[in-house]
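Trainee: Can you read through this structure? Questions will come right after.
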Amino acid sequence: MSDRTMARQVLLFIWFVSLSSALGQVSYSIPEEMAKGSLVGNIAQDLGLDLKRLKSGKARIYTGDSSEYIELNKERGVLLIKERIDREALCGQTTPCALHLQIILDNPMELFRVTVEITDINDNSPVFKRDERRFEISESAIVGSKFMLEKAMDADIGANDLQSYFLQPTDHFNLKLHGQSDGSKKVEMILQKPLDREKQENMSLILTAIDGGEPPKSGTVQIHVTVLDINDNAPVFTKPIYKAIITENSQSGTPLITVSASDSDKGTNGDVSYLIANSDGVSDIFHIDENGLVTLVGKTDFETSKHYQIDIEAVDNGGLSDSSKIMVDVIDINDNAPVITVMSKSNAIPEDSPQSTVTAIVNVNDPDSDSNGQVHCSVNENIPFTIKSTTNGFYSIVTDSDLDRERETEYNISVTCADEGVPSLSSSVTLSLQISDVNDNAPVFDKSSYEASVQENNAPGLSIFTVRARDADFKQNARVSYILEDSSVNGVPVSSLVSVSADSGVIHAVRSFDYEQIKDFQFRVKAQDGGSPPLSSNVSVKIMIQDQNDNAPQVLYPVQSGASVVAEIVPRSADVGYLVTKVVAVDVDSGQNAWLSYKLQKATDRALFEVGLQNGEIRTVRQVTDKDAVKQRLTVVVEDNGQPSRSATVNVNVAVADSFPEVLSEFTDFTHDKDYNDNLTFYLVLGLAVVSFLFIVSIIAILSVKCYRWRRERMFYKSGANLPVIPYYPPLYADVGGTGTLQHVYNYEVCRTTDSRKSDLKYGRPCSESIISLDSSGTQTLTHAQRERLNFDDCEDQQKPPSADWRFTQNQRPGPSGAAATPEVAVGTGPWPNPPTEAEQLQALMAAANEVSEATNTLGPGTMGLSTRYSPQFTLQHVPDYRQNVYIPGSTATLTSNQQQPQQALPPPQAAIAAAAAQSEPPKAAQTPASKKKSTKKEKK
């Protein structure tokens, strides 16, 4: 680069910097191809920034693309060349060529734009595409003939671009340049002197292209010119028509025939070249060389063309020519497999199609000739189909056995056709055939029977489990619906217990189950498909109810009575382990939920008594002393083993005394608290008022309904059959809540037909009902006469009052001998006839205790083990006579005075001590002097 050019670039650089500062940005101009690390400019100085600001602001360059030609040196505050810059690679012919940078500073944020212009240097020479160019020019060419030359290309721009061309030597040719719209120049070589082959047959010229750089660069291309002789004789073939044969599918390069043509000229004008003049693609199949040998270069196909005509031409170097043709016959071989064409086919056929049903028609064609075109067809084995020939080239595929979609839903029928050629060729086609379904399979359940369990106290609508049946058919024929078959469980329709979802087979509980009422039940579910006609199957389902701890223990003994006090007597001489009594309880639940445990919750003296954890026996823990209170009150908790557990409490009154009068005198004061009595009186009065009000309202309502119905019946009978019968049906509700062991009560609505007055059903009703017979299962409207007759029958069917035969007569009771039984005493409700002595009272208590023990041993299986509630060592020595009113709740056993004679069930209990305490004036025994003293002391107290 000259000093003058460098000076101009420096001045241009200074001008750019000053202009950029005025515009608020910095611009630099640098030449291309600068070395790596060369200085571009002092950016800190040009932007007026301190070097510390560049460091503290974390100055960085953002280019916007991946190329980074410029880097920032923050230590010096300058821009340096990071990578070598080639303007031609970066911008091509685009001017000006510039790099746009942004310098970013933080704290505070600032953005400066920097533009770096890349100037061109003359680093590229003009280049021709080819190194040499050849021309063959006849010596008969006229002066002024033009020959187009190749243009040179220069990657530089501006003054460094291509400027001019030179041609040397210029004896016969010179150059002519034509400017074009894109700025380039068209180069032509002009013949300015006639050519003479005899003087100069070959010429060599050099074309030079020069650019405008300093120093200029150039590029050259070699031009070779050959002068051709003038041709005045044309070649001549030896035959006007040539014949040849070839086998189809011969290999490429197979020679076919050799042709010949001669030229009377000498030298190059006598040299003859051969070519194929066909324009129909024959030249792609055959080739002729310079010696006239015709060879096969493509493929011959007898089916495509049986004959070929090759037009050949002989041409000398002067362009003169002669023509001829070759007739080629193609010999056929077995090179074509049969062609199978599906004319028509069925995509699907029903599985119950009869034999010989046509599923497809195909056409088979073999383009070969003679035996090579004879075809035989077959189908694959082990399928219920065969192929039959119908007409020439047409075949039918038919069924030859029964179809079953469940065994095979789809068949791929392979049709194979082979010809009789040697070797034989074959082809095949595969036809896909769907077998459509017919309803020939009934649903099949997954199991032969089902068992499931559900917890009792379930919510109605609970999903218990799912039955599932599968149908081997398809679509609608395989759509299974589930139906609950009609049956009954203990006289109750199974539909009132469970329901089945028709679509999913989910079995739901219609009601809440109670394990204590029903432990399991069976029913049948029918699965029916959606075919026409439908097919079905059924399965047995067993539902087992699982017990829950939904019942609290029930205390059977001691019996609790709110109107009286029952006490167990413990003598003061009782030793450690003395059996006071036994708490007997049952739990109607089963299994673990019925395992009971007994605990002492409260006691007047905890150190005196204990309760057996498993058997509920109350025993003394220590020796009874005179200091122990006569009245002892124990609270026993009976708890089951369920989760969560349930419990019941019972209060046991124990009297620590040696004599009955002492116990009686103590327990006459064992009354309820005054607050309790006041509350009880208030609730009794309130209950009486409510009952009276409801009774009056009920009487008024009944009378109103009877009057209305009487008037309506009178109108009905007067009108006869001319008026339509519109029976009146009052609303019915069957409230059975609280009668079972369920935690919840559920009401169910039952609907009947409107013509229920014609029903033959008979309903039981209480005798007191005089208007309409009601039942939870339906209604019935009766005439007046029918109602009277029904009421009369019902009254006759009422249960007779229970017999009192089980009660003991006065003669059977212990007491003074010879005492006569009065009518009041005979029924067991009156007082003793004569005041008994204390010895007679003790004798009566012992006899009653023994009879109670014997009666307990006679209890049946339903007593839940009550026969063992007393140990052999346990005797009630001081218990009053309560044989006539002993009652054990929950037991089906009877108490008898004679073991050979069964008696009726006992009435509700009331202990003898409670009866004695309830009397206003208890009977007084004949007092001895000692008893008079004790009575005087107690009365004073």
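Every residue gets a Cβ built from N, Cα and C, even glycine.
Sharing the record's features from TrEMBL:
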type     : residues : note
COMPBIAS : 911-930  : compositional bias 'Low complexity'
COMPBIAS : 931-941  : compositional bias 'Basic residues'
DOMAIN   : 29-128   : domain 'Cadherin'
DOMAIN   : 129-237  : domain 'Cadherin'
DOMAIN   : 238-340  : domain 'Cadherin'
DOMAIN   : 341-445  : domain 'Cadherin'
DOMAIN   : 446-555  : domain 'Cadherin'
DOMAIN   : 570-667  : domain 'Cadherin'
REGION   : 789-824  : region 'Disordered'
REGION   : 895-941  : region 'Disordered'
SIGNAL   : 1-22     : signal peptide
TRANSMEM : 680-705  : transmembrane segment
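Looking at the shown structure, can you explain where the listed features end up?
Mentor: Mean pLDDT of the predicted structure over the domain 'Cadherin' (29-128): 84.
Each residue of the domain 'Cadherin' (129-237) gets a DSSP state, and the totals for helix, strand and coil are 3 helix, 55 strand, 51 coil.
Helix, strand and coil residue tallies for the domain 'Cadherin' (341-445), in that order: 4 helix, 55 strand, 46 coil [DSSP].
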Trainee: Using DSSP, tally how many residues of the domain 'Cadherin' (446-555) sit in helix, strand and coil.
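Mentor: Tallied per class, the domain 'Cadherin' (446-555) gives 7 helix, 52 strand, 51 coil.
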